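What TrEMBL says about this one:
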type: ACT_SITE; residues: Tyr138; note: active site, O-(5'-phospho-DNA)-tyrosine intermediate
type: DOMAIN; residues: 2-44; note: domain 'Meiosis-specific protein Spo11'
type: DOMAIN; residues: 109-170; note: domain 'Spo11/DNA topoisomerase VI subunit A N-terminal'
type: DOMAIN; residues: 219-390; note: domain 'Topoisomerase 6 subunit A/Spo11 TOPRIM'
Amino acid sequence: MAFAPMGPEASFFEVLDQHRASLLATLRRSGGETAGGGTRLASSSEVLGSIESVIQDVITSVARNEAPAFTIDNRSSWENIKFEDSVGLQMASHCTTRKIKSDSLKSVKKFALILKILSMIYKLVQSNTYATKRDIYYTDSQLFGNQTVVDNIINDISCMLKMPRISLHILSTSKGLIAGNLRYLEEDGTRVHCTCGSTAVAVPSNIQGIRNLITDAKFLLIVEKDATFQRLLDDSFCNRMSPCIMVTGKGVPDLNTRLLVKKLWDTFHIPVFALVDADPHGIEIMCIYKYGSMAMSFEAHNLTVPAIRWLGLLPSDIKRLNIPRDTLIPLTKQDQLKLDSVLKRPYVTCQPFWRREMEIMADSKLKAEIQALTFLSSDYLSRVYLPNKLKFGGWI
């Protein structure tokens, strides 16, 4: 199926096509992936059964005159995280746990809130309806106190039940945007036609519900920041590099943006690239898309795309392009701590080229935003830097 407008000649995409062939060959060697990938979603009866089992344990404890407690895997320690290059960061099978006790002043309120939200989830699943995390918060904002409390409890429940959040009928409000050569149907039948123009489409709130995805895109570009994403749209990057897809999570990606990137990879297996600032924060954001995070490690199979490659901005590009030192920014103490932390992550051992780039940054004690490229020309990023990287394979 053809999308308008037309981009470069077919020869422009030769290296990209070779990269895709290599990715597909790797998939075949590893047994491949099913379309839609990830962990199988739990059925409504399975979710209801799991919640009933948890409540039965509470009732049994009370009947024995024991204080009931919830046991949840501890996701705040790297000791409980295992790494596989093909999946990313996952919970270890035998990890330490923490207890949310009903007879402890420190945790009794959280215990009660977990019960309350479990009850709400049960009703949602039973009635086959959905709610956002925000909806849940506003059912009793005074009781919950703030949205973060609700978010953390929902993640704890998802981890405790060993079920992805979508199976619990809880949605997140999306902040991400998507543009380019892509069409799909939303769950309610709405037809969405993303374009290569200057206007992007909001990432859907129910990624599992979208279907009939159609694209002829040669690649997917993840853009760290909204400002860079908008600049690329304004510069008609999508038009000139068509067919392609661009996505931004506007900084640290929300769950839906990560789910969308994962769904696009599982469905089309096209090359996926990341464009982030040459700083520790940008590198960590790229790693979240590629390998996941410690906090969401229990749902890694639904969220990670290990095939992602780092397109830019590379610390080595700064010297190669002779970007003036006065356009660079000294690393703060916090930056240095973050960089040291990322260098110690288990996935860095299988990414020697990434490690070398981070060591260049550490040695120079300097970072650069993508906007530093405007020193070369106002549209250098969209007209020179990215096209050359894509044409000649300038990713790692």
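Glycine too: its Cβ is placed from the backbone N, Cα and C atoms.
For the domain 'Spo11/DNA topoisomerase VI subunit A N-terminal' (109-170), DSSP puts the residue distribution at 49 helix, 3 strand, 10 coil. Cβ neighbours of Tyr138 (active site, O-(5'-phospho-DNA)-tyrosine intermediate) (same chain, under 8 Å, six or more residues apart in sequence): none.
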